[in-house]
Amino acid sequence: MKVLAPLVLASAASAHTIFSSLEVNGVNQGLGEGVRVPTYNGPIEDVTSASIACNGSPNTVASTSKVITVQAGTNVTAIWRYMLSTTGDSPADVMDSSHKGPTIAYLKKVDNAATASGVGNGWFKIQQDGMDSSGVWGTERVINGKGRHSIKIPECIAPGQYLLRAEMIALHAASNYPGAQFYMECAQLNVVGGTGAKTPSTVSFPGAYSGSDPGVKISIYWPPVTSYTVPGPSVFTC
């Protein structure tokens, strides 16, 4: 495994991904419609950068005026594709299979989802899928599941506008920091029907992750990984 790792890294060096569209009630809202997509599919590697919130420099991110209405308590699906021009949904159309790591989703309540930068405090985690007991990673489930990343919008949050930050972290080069590859985009939501019964604790981006976190700096090749701690806070529950 130690011998093969450099070959894996070299072959996967340019294999990236983008959260390109959002599906609500079985309807895809359209490429870049209500999702801030970059023109390039490369990762963010600096967890202290403002770009760790909703992507950004060195990537150019397009704005969108659409705010997608979502019913609290329902599931939405982030659709991941290798490039904006990718039309298929085979594993290779999503992300290289070497890109093993967690899938994560956060929400942040904002006054205006179309203009809020996402940088700073207010984020709370609503989904995570790390490595299961059989050694299969969250990214593998998305890659082999046609790029579909299912996320439940909690029923107990207050109604209003939110940013939805969907993320996949690739750990194939994470034995040193920087090395982990963070892929994230933000969707713009108007959440309706929430009860507001609970107020989540929040974290900041940048700030929620550290380069020394065990879920950020880790060798997934050798020694064999037997457990994995997803970075960031615990998942908010109602």
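Count begins at 1; order follows the chain as displayed.
Just so it is clear, glycine is given a Cβ too, placed from its N, Cα and C backbone atoms.
Swiss-Prot annotations:
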- 1-15: signal peptide (SIGNAL)
- His16, His99, Tyr183: Cu(2+) binding site (BINDING)
- Glu45, His172, Gln181: O2 binding site (BINDING)
- Cys54-Cys186: disulfide bond (DISULFID)
- Asn75: N-linked glycosylation site (CARBOHYD)
- Cys156-Cys238: disulfide bond (DISULFID)
- His172: site 'Promotes oxygen activation' (SITE)
- His172: active site, proton donor (ACT_SITE)
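The Cα atom of Gln181 (O2 binding site) lies nearest to that of His99, taking the recorded positions Cys54, Asn75, His99, Cys238 as the candidates. Distance between Cα atoms for Cys238 (disulfide bond) and Tyr183 (Cu(2+) binding site): 27 Å, as a whole number. His99 (Cu(2+) binding site) is 14 Å away from Glu45 (O2 binding site) when you measure Cα to Cα.
Taking only the Cα positions, the spacing between the residue listed as 'N-linked glycosylation site' and Tyr183 (Cu(2+) binding site) is 21 angstrom. A Cβ within 8 Å of the Cβ centre of Glu45, His172, Gln181, the residues given for O2, is found for these other residues of the same chain: Pro43, His99, Ile169, Ala170, Leu171, Ala173, Ala174, Pro178, Gly179, Ala180, Phe182.
Nearest to Cys156 (disulfide bond) in space, judged by Cα atoms and limited to the recorded positions His16, Cys54, His99, Tyr183, Cys186, is Cys186.
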